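K.L.:
Annotations per TrEMBL:
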- 1-23: region 'Disordered' (REGION)
- 158-434: domain 'SAM-dependent MTase RsmB/NOP-type' (DOMAIN)
- Cys250, Ala251, Ala252, Pro253, Gly254, Gly255, Lys256, Glu271, Asp297, Asp315: S-adenosyl-L-methionine binding site (BINDING)
- Cys368: active site, nucleophile (ACT_SITE)
Amino acid sequence: MPSGGRRPPAPPRRPAPASAAGAPARQAALALLAAVLERRRPLEEALDALPGGLAPRDRAAAHRIAAAVLRRAGSLDAVLEPFLRREPPPPVRAALRAGAAELLLLGTPAHAAVAATVGVVPRPFAGLVNAVLRKVAAEGPAALEGLDAERLDTPPWLWSAWHAAYGAAVRAIARAHRLPAPLDLTLAPGAAAPEGAEMLPTGTARLPAGTRITDLPGFAEGQFWAQDAAAALPARLLGARPGERVADLCAAPGGKTAQLAAAGATVVAVERDPRRLARLGENLARLKLSATLVEADAGSWSPPANEQFDAVLLDAPCTATGIIRRHPDIPHLKRAADVATMADTQARLLAHAAALLRPGGRLVYATCSLQPEEGEAHLARAAALGLRLDPIRAEEVPGLPEAITPQGTLRTRPDMWAERGGIDGFFAARFLRG
Ligand SMILES: C[S@@+](CC[C@H](N)C(=O)[O-])C[C@H]1O[C@@H](n2cnc3c(N)ncnc32)[C@H](O)[C@@H]1O
């Protein structure tokens with residue numbers, strides 16, 4: 001299909017409304033919120049920890065409710081504020097937020113949202129929750145309209161940092177975080193896009209948010225893998241060629257490993273976390289691609305015989321503030337101090353990655369963070385390591401000239417491609433070893 005073309009739209013796959021789910025879904029939503037907000041556990045980990053017997057429909061509804069609360073917690077609290085005389089205990093606050101999210105954001109009919117939420121709070125609070133949510137149902141929509149939602153739903157430290165880095169675009173970035181992201185797919189070589197997909201100019205196939213990848217024909221056969229359009233760019237920019245030896249550092253769950261292997265390179269994928277490495281192996285098996293998998297710290301790993309590579313991809317661990325659309329728990333889990341900690345780790349990994357390259361070899365450094373400390377700030381360190389910036393040209397990233405910086409690095413933001421459904425925030429820079 002020509003780049004930028006569109007297939008006839010398939011009937012939209014709409015998730016069942018939360019109102020169709022029962023008490024187990026609401027209880028599970030509160031368990032997810034407690035895990036993220038009280039114990040600071042990642043939402044995905046909390047989802048994995050839900051009871052195995054929970055019906056898929058209830059699990060999906062719980063996820064939807066929890067995600068809506070996490071995206072809009074500041075706005076929901078502002079709507080609830082006038083109706084609360086004192087701070088309720090955390091589980092009751094969570095239930096009020098979840099009920100308000102159902103009423104104001106998820107379209108659950110008022111009687112169902114109120115009754116279901118009252119049913120999952122401790123009995124002494126049933127009256128309070130009933131009264132407050134009835135008021136939210138009546139007055140909440142107008143109250144929500146009048147709020148400065150972008151600011152309320154963004155932690156102040158992130159707002160200040162993005163304002164310093166991107167100026168007025170901070171508001172559009174915050175707005176992009178309000179909605180779930182589409183499902184983006186990288187296609188295996190020669191594979192056709194699933195029906196209804198929009199082909200983006202960079203080659204990614206895009207389907208509506210809420211589409212379940214495992215439901216798509218071709219999934220089991222390894223025709224594609226999930227990868228945001230921005231996440232697909234760093235491996236393309238590395239330009240791995242058949243037969244080249246490529247090290248993929250910090251590799252799991254393996255979206256970029258798959259791209260490099262599909263390009264015909266001989267790939268060594270290095271990942272520290274054994275469970276994530278196992279997932280990478282499963283993903284490659286489904287895609288019928290192969291790579292050498294190594295469980296190691298990429299900051300100290302030495303390849304056999306101290307081999308040097310034609311190309312290295314370092315997709316470094318980061319604060320992940322560029323992927324809040326897909327992971328709305330991130331603003332609740334990260335703190336300002338994490339940025340410097342991650343930047344130190346990235347500097348250590350970058351120094352080691354540079355040493356793995358043969359003279360003249362290529363290195364792409366990438367992070368899914370919007371914080372300049374985890375992106376642009378590494379350019380000076382790379383120069384000190386003997387890495388020469390190899391500027392990225394606009395034609396390498398079709399349809400996204402605004403993502404190429406004057407220095408020739410890539411900086412995508414979630415407010416870019418707004419009319420197409422947005423794009424994750426990534427930084428990437430390409431270097432040559434002198
Ligand atoms: C941004 S994710 C990588 C995503 C992956 N490149 C992809 O495209 O699917 C970062 C990964 O780095 C791993 N990691 C973090 N620190 C590491 C280290 N020192 N050595 C190796 N892997 C590390 C994490 O476990 C995580 O899987």
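In case you wondered, yes, glycine gets a Cβ from its N, Cα and C as well.
Note that the structure is a prediction, hence the values are computed from the model and not measured.
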K.L.:
Asp297 (S-adenosyl-L-methionine binding site) has how many other Cβ neighbours within 10 Å of its own Cβ?
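P.N.:
Cβ-Cβ neighbours of Asp297 (S-adenosyl-L-methionine binding site) within 10 Å number 14.
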K.L.:
Where does the mean pLDDT land for the domain 'SAM-dependent MTase RsmB/NOP-type' (158-434)?
P.N.:
97
K.L.:
What Cα-Cα separation, expressed in whole Å, is found between Ala252 (S-adenosyl-L-methionine binding site) and Cys368 (active site, nucleophile)?
P.N.:
14
K.L.:
Gly254 (S-adenosyl-L-methionine binding site) to Cys368 (active site, nucleophile): how many Å between their Cα atoms?
P.N.:
15
K.L.:
Provide, as an integer number of angstrom, the distance between the C-alpha atoms of Cys250 (S-adenosyl-L-methionine binding site) and Cys368 (active site, nucleophile).
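P.N.:
It is 13 Å, counting Cα to Cα.
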K.L.:
Return the maximum Cα to Cα distance in Å (whole number) over the record's S-adenosyl-L-methionine-binding residues: Cys250, Ala251, Ala252, Pro253, Gly254, Gly255, Lys256, Glu271, Asp297, Asp315.
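P.N.:
Value for the max Cα separation, rounded to a whole number: 19 Å.
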K.L.:
Would you mind reading off the Cα separation of Asp297 (S-adenosyl-L-methionine binding site) from the residue listed as 'active site, nucleophile', to the nearest angstrom?
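P.N.:
Cα of Asp297 (S-adenosyl-L-methionine binding site) to Cα of the residue listed as 'active site, nucleophile' measures 20 Å after rounding.
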K.L.:
When you measure from the Cβ of Ala252 (S-adenosyl-L-methionine binding site), how many other Cβ atoms are you left with inside 10 Å?
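P.N.:
Other Cβ atoms found within 10 Å: 25.
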